[in-house]
Amino acid sequence: MAGWIQAQQLQGDALRQMQVLYGQHFPIEVRHYLAQWIESQPWDAIDLDNPQDRGQATQLLEGLVQELQKKAEHQVGEDGFLLKIKLGHYATQLQNTYDRCPMELVRCIRHILYNEQRLVREANNCSSPAGVLVDAMSQKHLQINQRFEELRLITQDTENELKKLQQTQEYFIIQYQESLRIQAQFAQLGQLNPQERMSRETALQQKQVSLETWLQREAQTLQQYRVELAEKHQKTLQLLRKQQTIILDDELIQWKRRQQLAGNGGPPEGSLDVLQSWCEKLAEIIWQNRQQIRRAEHLCQQLPIPGPVEEMLAEVNATITDIISALVTSTFIIEKQPPQVLKTQTKFAATVRLLVGGKLNVHMNPPQVKATIISEQQAKSLLKNENTRNECSGEILNNCCVMEYHQATGTLSAHFRNMSLKRIKRADRRGAESVTEEKFTVLFESQFSVGSNELVFQVKTLSLPVVVIVHGSQDHNATATVLWDNAFAEPGRVPFAVPDKVLWPQLCEALNMKFKAEVQSNRGLTKENLVFLAQKLFNISSNHLEDYNSMSVSWSQFNRENLPGWNYTFWQWFDGVMEVLKKHHKPHWNDGAILGFVNKQQAHDLLINKPDGTFLLRFSDSEIGGITIAWKFDSPDRNLWNLKPFTTRDFSIRSLADRLGDLNYLIYVFPDRPKDEVFAKYYTPVLAKAVDGYVKPQIKQVVPEFVNASTDAGASATYMDQAPSPVVCPQPHYNMYPPNPDPVLDQDGEFDLDESMDVARHVEELLRRPMDSLDARLSPPAGLFTSARSSLS
């Protein structure tokens, strides 16, 4: 209810804007009396594009109606009687309005709540001490609104001038008719006697001279009025062009740029409501001026007076038609982009919207929108107005949709919910270009009739570039193409040109944005992380980020050529890091438990002076998406150890926290945080003992060289430690792998956890053996439940 309390404190223009949000579609009284209930409902949890959420929307509608009915029943007394009737009427009205379209109720209330919050936020910013210095964005919006007020006043002025011209011309025509009547009277003078004729003729001549003098003077006045009106319209159109340029070429383009960066994980592009309100104001003022110009043309045709006005009016009429054409075609936009990595035979969605649909009555004859997929070359030809003969580069199913007008929000949009790319036709590739570097775009096109079919516009808009894949394995490289395009595309480019090289700081910004979005973390890439990445990319050892600021990164370096000495590209390695964090380690990254971006030598330097049992987690150089444990432990042979990397597959079997919990000689997370303090909350609870006569096996992470160390450390027993061992045959009988710790340690200091050592397979084989002939006194063969790397599926 706090939101409604704040909304009631709005004043002036903000209060008027809030009042406009309400009407028959949702009365303000309902908002007032059900404020607490409305603000406590999960309106944002419903996906308006998902038909499966209709049931939840219906429940909210029913709940709203029930709450209104209850509120009505509780009204007593004389004052409560009228309110009871009114609330009951609103309950019936809302039920009838939204019964068949409950999603529209959700859309309406979300629209109201969003704008209420925006108005309250803007009011608070202006009234707070910090709001005295209005930020640049608010200042710009203020200037736009001031220009609209100026345009409104000018348009009202030309309306008054037009009315004055019309009244003056009507009186002129009356007097002109009087002049014609006098001329007719001259023709009738011959029927009078000479004395009467002379007397009458003198009076008529005096009247005619006086009237003709007046007509000449008034004709000049009319011409002057017409010229002045045309000149005022010229000035109005100049201001309109300037305002439209600010809104369409600045604000709308900035929104589209934010939408593009949001594809890389940037902040959401924001609501279109403010932009739509500006575009609607533009449309309203443009249309008013167009009607004025046409009325002025009609007056000139009604009473032709030689002069420059006809040419002036023809010019302003052509200009205002160009202005309205630019407005309509530019405000046909893609509100929800199709996925930029588009897999064939997979359902996808998109939403297009016309920001001026309501004001220009386009919705009175709902237009149909068609979607087709075209190549980069076809997009270039389209923008050059070359004849593409309706060419396309593939077939999209369910690619036609009728635009719908939502009365509550005033939006005209088409929701493509079930499109699917059936097939794709690729162009011949250039040089080293792969299929995941080829860009397409979804073309949306329609035809709009404006002003009772006075004007008809063919409108088209292109989606952000999409990369088409046919298999999930292509997703990572396709994402690299999209990331580079979204990050470094320049305004007004030829489709879909991007720089082949960018500065390292530019790439850092794009990587950090993508990283935080993928990992869903506010903990982005630090200066040290970026230095590590620069060292990896440029194969340089400098530890100063500034040394890399002037260095350029080419697309080939980013994701075409392998890194020196490795069989993967820079992007593939970085993408693997994001994937393993996203799937398995988001909480650990957010806790700061994963240091990550350090190499083996850096890990050595960090751990060398730390107490035994101190460890850190870093991203592997040798395994894409791998995480390895480096730790300090003094022994006769060495004091620093590295475990062979774990990958996503390993963490799907046993979590990182549980693996660390198994290794009791790992005590401190670098630099000095107790391991259990960091990871204990993520340990899997110990299973209860079996009660059905069966023993449940459990995997335990063990490094053979440290079995004694683990025992000496006083490890708490796991379930497998506590459970009685199953009766097994002697090791030679089953050809089990003998304990052989020597190969586990590789020559450069990493444990090589043999992939062939699959404990799960042997456990399953063992449990399938007949047990009758086995000696119950025999214990499991050595090494059966211990291995440096174990898995149980």
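Cβ coordinates are placed from backbone N, Cα and C, and glycine is handled just like the others.
Looking up Tyr22, Tyr225, Tyr694 in Swiss-Prot, the residue bearing an annotation of phosphotyrosine is Tyr694. Distance from the CA of Tyr682 (phosphotyrosine) to the CA of Tyr90 (phosphotyrosine) is 51 Å. Neighbour counts were taken at the CB atom with a 10 A radius for the modified residues Tyr90, Tyr682, Tyr694; the maximum falls on Tyr90. According to DSSP, Tyr90 (phosphotyrosine) is assigned to a helical segment. This prediction places the mean pLDDT of the domain 'SH2' (589-686) at 90. Per-class residue totals from DSSP over the domain 'SH2' (589-686), listed helix then strand then coil: 31 helix, 21 strand, 46 coil. Separation of the C-alpha atoms of Tyr694 (phosphotyrosine) and Tyr682 (phosphotyrosine): 27 Å, rounded to the nearest whole number.
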